[in-house]
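Swiss-Prot has this to say about the protein:
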- H111: active site, proton donor (ACT_SITE)
- D50, H52, D78: Zn(2+) 1 binding site (BINDING)
- D78, N110, H160, H234: Zn(2+) 2 binding site (BINDING)
Amino acid sequence: MDLDQWISKVKDGQHLLEDELQLLCEYVKEILIEESNVQPVNSPVTVCGDIHGQFHDLMKLFQTGGHVPETNYIFMGDFVDRGYNSLEVFTILLLLKARYPANITLLRGNHESRQLTQVYGFYDECQRKYGNANAWRYCTDVFDYLTLSAIIDGTVLCVHGGLSPDIRTIDQIRVIERNCEIPHEGPFCDLMWSDPEDIETWAVSPRGAGWLFGSRVTSEFNHINNLDLVCRAHQLVQEGLKYMFQDKGLVTVWSAPNYCYRCGNVASILSFNENMEREVKFFTETEENNQMRGPRTGVPYFL
């Protein structure tokens with residue numbers, strides 16, 4: 001495995017051969033299996049939200065925040081689906097994980113699932129680019145090994161979706177059995193699917209999975225676990241980054257600019273320096289993103 005050569009190859013827009021991808025997936029699984037459900041990460045580190053197959057915009061993210069290993073990263077899931085280059089996105093992230101395991105942490109998102117990827121594009125993309133479903137199988141097997149959360153310097157919890165009524169302490173995340181498809185309900189499901197809302201406690205989620213959780217729930221969770229902040233992704237934010245609640249105890253980070261090649265949103269990444277001081281870096285879509293606009297995304301003039 002010549003990882004540096006493979007990284008150059010994928011950055012140049014080429015695909016790994018099917019057996020190279022298989023080798024890479026097997027190699028990264030061995031790294032991921034050692035990680036905790038709450039993976040400890042030291043500052044300085046930069047936290048990123050959803051990427052959703054927007055490969056050229058991911059390259060711009062690295063230009064904006066710095067390249068691995070000079071910059072350490074946590075990616076909070078949803079690498080695949082919706083965008084046209086999920087395969088390239090997931091491949092480059094796996095390569096960086098293989099090459100610099102201590103400098104990049106990959107969390108699972110609700111789209112790192114066999115079920116969702118068969119509906120929202122990743123399965124079809126693999127089928128189209130490799131002529132069969134093997135690449136999809138290798139990648140979705142890796143999904144089951146991805147960790148559920150990361151904790152920066154013991155004070156900032158990063159998770160894809162949000163909180164769960166079944167999780168009061170971080171220790172309850174540590175004991176979840178994660179090596180499986182995302183369940184339809186329960187604590188694992190909630191970490192992937194829940195959203196913050198301007199309410200006090202809990203409400204049913206319109207997504208049909210996870211919960212809506214409010215300000216009191218969030219501040220109690222932070223207090224019990226000695227956290228300053230919960231970082232999460234999972235929801236499009238037009239302005240790229242959004243703090244929630246009066247105490248700003250939660251932040252949503254969104255890292256896919258002009259999402260789905262038509263939403264017109266800005267993207268952001270959130271950096272923590274060695275003193276845990278925060279800096280937000282914003283970026284907009286690439287020229288390649290702008291050219292992706294197919295006829296199906298055009299807004300009819302009579303709307």
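The backbone N, Cα and C atoms fix where each Cβ goes, glycine too.
What you see is a predicted model, and the numbers here were worked out from it, not measured in a lab.
Here the features listed in Swiss-Prot are painted onto the structure.
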residue	record	Cβ within 10 Å
D50	Zn(2+) 1 binding site	29
H52	Zn(2+) 1 binding site	27
D78	Zn(2+) 1 binding site	28
N110	Zn(2+) 2 binding site	24
H111	active site, proton donor	28
H160	Zn(2+) 2 binding site	27
H234	Zn(2+) 2 binding site	26
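Separation of the C-alpha atoms of H160 (Zn(2+) 2 binding site) and D78 (Zn(2+) 1 binding site): 8 Å, rounded to the nearest whole number.
Straight-line distance linking the Cα atoms of N110 (Zn(2+) 2 binding site) and D50 (Zn(2+) 1 binding site), rounded to a whole number, equals 10 Å.
Sequence-ordered, the extra residues of this chain that approach the Zn(2+) 1 site, with Cβ no more than 8 Å from the Cβ center of D50, H52, D78, are G49, I51, G53, G77, F79, V80, D81, R82, G109, H111, A233, S255, A256. Within 8 Å of the Cβ centroid of the Zn(2+) 2 site, not counting the listed residues D78, N110, H160, H234, the chain contributes D50, M76, G77, G109, H111, G161, M192, W193, A233.
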